[in-house]
C-alpha cells in the first residue's frame, strides 16, 4: 500500500506523478482504478467523488 497526501483539486495526472516520486513507476505505465472505473489523467479527484481515506487500485501496464 502506498499512502499519498492529496487535495480534491489534484488531477489524476498529478496523483500519478506523486506515485512516480514515491515508487519510481512512470505515469504512462500506471492505470488508476476507483469504483471499477479507470481514471482519466485530465480529471480531478473531486470529479470522481474520491474522498479522504479512499483506496485506489493501481494496475501496471507492462511493456
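From the backbone N, Cα and C atoms, a Cβ is placed for every residue, glycine too.
Across the domain 'Ubiquitin-like' (1-63), DSSP assigns 18 helix, 13 strand, 32 coil. Residues or ranges marked as domain 'Ubiquitin-like' in Swiss-Prot: 1-63.
The ubiquitin cross-link annotation in Swiss-Prot covers 37 and is backed by similarity to another entry. Cβ neighbour count for residue 37 (ubiquitin cross-link): 9 (other Cβ atoms within 10 Å of its Cβ, all protein chains included).
Neighbour list (residue 43 (site 'Interacts with activating enzyme'), Cβ cut-off 8 Å, at least 6 residues apart, same chain): 11, 12. Annotated site 'Interacts with activating enzyme' per Swiss-Prot: 43 (among others), in sequence order.
Per Swiss-Prot, site 'Essential for function' is recorded for 57.
The site 'Interacts with activating enzyme' annotation in Swiss-Prot covers 61 (among others) and rests on a curator's inference. Other C-beta atoms found within 10 angstroms of the C-beta of residue 61 (site 'Interacts with activating enzyme') number 9, with every protein chain shown included.
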Which same-chain residues, if any, lie at least 6 apart from residue 57 (site 'Essential for function') yet have Cβ under 8 Å of it: 32, 33, 34
